[in-house]
Amino acid sequence: MTLIMHSSLLLIFFILVYPLLTTLNPNQQDSNMAGMTKTAVSSAFFVSLLPLMIFLNLKTEGIITNWQWMNTQAFDVNISFKFDHYSLIFVPIALYVTWSILEFALWYMHSDPNIDRFFKYLLTFLVAMIILVTANNMFQLFIGWEGVGIMSFLLIGWWHGRADANTAALQAVIYNRVGDIGLIMTMAWLAMNLNSWEIQQIFALSKNFDMTIPLMGLALAATGKSAQFGLHPWLPVAMEGPTPVSALLHSSTMVVAGIFLLIRLHPRMENNQLALTTCLCLGALTSLFTATCALTQNDIKKIVAFSTSSQLGLMMVTIGLNQPQLAFLHICTHAFFKAMLFLCSGSIIHSLNDEQDIRKMGGLFNIMPATSTYFTIGSLALTGTPFLAGFFSKDAIIEALNTSYLNAWALTLTLIATSFTAVYSFRLVYFVIMGTPRFLPLSPINENNPLVINTIKRLAWGSIIAGLIITQNFPPMKTPIMTMSITLKMAALMVTIAGLLVAMELANLTSKQVKITPMISTHHFSNMLGFYPMIIHRLIPKLKLTLGQSAATQLDKTWLETVGPKGLALTQMAMAKITNDITRGMIKTYLTIFLLTLILATIPVLL
């Protein structure tokens, strides 16, 4: 069985890499890289179903080592693949979502002169993501980790003629680099103390070690890659990239790499209370903070981006609850509806002449009925509406949190964030779809394109049934709570309904007139993103510059003027003045010096 899984994975890699290899031909004529890439990904998806079906039937996990990369007397680095439920379920989902997004990009990017290069970047990113997911050692995982990082940088800055896109790409790579420090330090610790990067050997050898330091490094790595509080500002500004990039990298695949890293190494984390509490509190804070920022945003893509960050916080909370399988379930369900929300946003933006302000939309249900329907389904799935995909993971997470007897503050923050999810989702639907049109009547609105409708339809099916299918075939590692009061059981649903009521009120508060600054003072915190970018990107550099300038001024004035040249000059001038008096023809001075010299000369003779 392992052989079939391994052969399937190699076939997937070959299918995906083949379009990349064809671009190496310097004499290629009229290449259809975009179409070939979409076909390759769809073929790879169907191939990936074979090992998944075998796994669901036999429930056998496998590890296979292909090639010894580097061998020393004490340290081995091998190419090793791991076929467990995490990799075998995530790879088909990643391929399915990517297939839909690439097909959408054929329509969205059709006028771009470099569309072939764009598809090449997306395909390279997908290969790096599959390497990361299937890796059985830290070195291989690191290759995939850095691969998705550099492709993120290239794709966010795709429209490099715009200063905002370049700034966003740099911001993303710098914040991720801070997180990468944590992963590199952890790998260095493992290499020095355990002499191995193989995941199974790490689990076996680390039982007698205090793993707090490497686990904190992993938490830092996940904070950077998965946009947790502190290293989160890069995710909303990454929306400067094309919408297919936002849908693929910044919703469904790359941003969950940090959470996936913690899931993969969770057996070493489950007994370390400091690491678990850190993840729990960090996730709860991220979830609430980013949900608060989304409440009064008016850019459609930024609202969806903040919701991604909020859901990543919820996944981090689940890691802190010692429930990695629930975090993985939320990763899988979240991929479908979040990618669909981005594609619907892209379709709306494209149809309204690149307009992203939700105050200039409205009434789209009559003009774009299919897109509006799917957009509403995605928003309902995001809020955890019963029996859509998001419900199966979100409800289970809230129940696990309610019955965990852990940090009550984390529980409170997460419940408030869940309520806020409903607020910004329904506010988005209200402004974009309902009401009367508030855009120019000349917009060329046409959604009757199979490249648009079919892709969003595929993801809509996933948003409806993925949760049910995965939960039926993916048994939980721990027995769920069987006895629970009706209040706790209905907690997630109640806060969602409360959020709906608040959303209606917030929609009335938000002025539909486009104003540069908000008129309502309560909106300032949310509109200014909690003042975090202002403090980190403006205040701290300003303080550093001011401090540096004052230090330079003091150094310049004190050492280079007062003590240095000027001080020396004043000393020399005093001495020069004394000697200068000697040469002015003053008889008294001459006689005094003569007598003084005579006395000094006769003293030794007299003695």
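Cβ atoms here come from the backbone N, Cα and C positions, even for glycine.
Source: prediction; values computed, not measured.
If you look up Swiss-Prot, you'll see 88-108 (among others) marked as transmembrane segment, on the strength of sequence analysis.
Look at Swiss-Prot and you will find 118-138 (among others) tagged as transmembrane segment. Long-range contacts of the transmembrane segment (118-138) within the same chain: residues 9, 12-13, 16-17, 19-20, 23, 33-34, 37-38, 40-41, 63, 65, 77-78, 80-83, 86-87, 90-91, 94-95, 98, 101-102, 105, 109, 112, 144-148, 151-152, 154-155, 158, 186-187, 190, 197-200, 202, 242, 244-245, 248-249, 253-254, 257, 260, each at least 6 residues beyond the stretch ends and with a Cβ under 8 Å from a Cβ of the stretch.
Annotation source Swiss-Prot lists transmembrane segment at 139-159 (among others), citing sequence analysis. Tertiary proximity for the transmembrane segment (139-159) is limited to same-chain residues at least six positions away from its ends with a CB under 8 Å from its CB atoms, namely 69, 77, 79-80, 118, 121-122, 124-125, 127-133, 165-166, 168-170, 172-173, 176, 180, 183-184, 187, 197, 221, 225, 238, 240-242, 245, 249-250, 253-254, 257, 261, 264.
Annotation comment: Swiss-Prot describes 172-192 (among others) as transmembrane segment, evidence class sequence analysis.
With a cut-off of 8 Å between Cβ atoms, the residues of this chain six or more beyond the transmembrane segment (213-235) that come close are 145, 149, 168, 171-172, 174-183, 185-186, 189-190, 250, 254-259, 261-262, 265, 268-269, 272, 274-275, 278-279, 282-283, 285-286, 289-290, 305-306, 308-309, 312-313, 315-316, 529, 532-533, 536-537. Marked as transmembrane segment by Swiss-Prot: 213-235 (among others).
For 243-263 (among others), the entry in Swiss-Prot reads transmembrane segment, with the evidence type sequence analysis. Long-range contacts of the transmembrane segment (243-263) within the same chain, counting only residues at least 6 positions beyond its ends with a Cβ under 8 Å from a Cβ of the stretch, are 86, 90, 94, 97-98, 101-102, 104-105, 108-109, 122, 125-126, 129, 132-133, 141, 144-145, 148, 151-152, 155-156, 158, 179, 183, 218-219, 221-228, 235, 269, 279, 301, 304-305, 308, 312, 315-316, 319, 324, 327-328, 331, 334-336, 338-339, 341-343, 345-346, 349-350.
Same-chain residues lying 6 or more positions outside the transmembrane segment (303-323) and placing a CB less than 8 Å from one of its CB atoms are 222, 226-229, 232, 235-236, 238-239, 246, 250-251, 255-256, 258-259, 262-263, 266, 269-270, 276-291, 293-294, 297, 330-331, 334, 338, 341-342, 345, 358, 382, 394, 397, 400-401, 404, 406, 410, 414, 417-418, 420-421, 424-425, 428, 478. Per Swiss-Prot, transmembrane segment is recorded for 303-323 (among others), and the stated evidence type is sequence analysis.
Annotated transmembrane segment per Swiss-Prot: 326-346 (among others), in sequence order. Proximity of distant same-chain residues to the transmembrane segment (326-346), defined by a Cβ-Cβ separation under 8 Å and at least 6 residues beyond the stretch ends, is recorded for 86, 89-90, 93-94, 97, 100-101, 104, 108, 243-244, 246-248, 251-253, 256, 259-260, 262-263, 300-301, 304, 307-308, 311, 314-316, 318-319, 371, 374-375, 377-379, 381-382, 388-390, 392-394, 396-397, 400, 452, 455-456, 459-460, 462-463, 466-467, 470-471, 474, 476.
Feature annotation from Swiss-Prot assigns transmembrane segment to 415-435 (among others).
Annotation source Swiss-Prot lists transmembrane segment at 450-470 (among others). Long-range contacts of the transmembrane segment (450-470) within the same chain: residues 89, 93, 96-97, 99-101, 103-104, 106-107, 329, 332-333, 335-337, 339-340, 343-344, 347, 370-371, 374, 377-378, 381, 387-393, each at least 6 residues beyond the stretch ends and with a Cβ under 8 Å from a Cβ of the stretch.
The annotation transmembrane segment is assigned in Swiss-Prot to 484-504 (among others).
The transmembrane segment annotation in Swiss-Prot covers 587-607 (among others).
Tertiary neighbourhood of the transmembrane segment (484-504): same-chain residues 383-386, 394-395, 398-399, 402-403, 415-416, 418-427, 430, selected by CB-CB distance under 8 Å and a gap of 6+ residues from either end.
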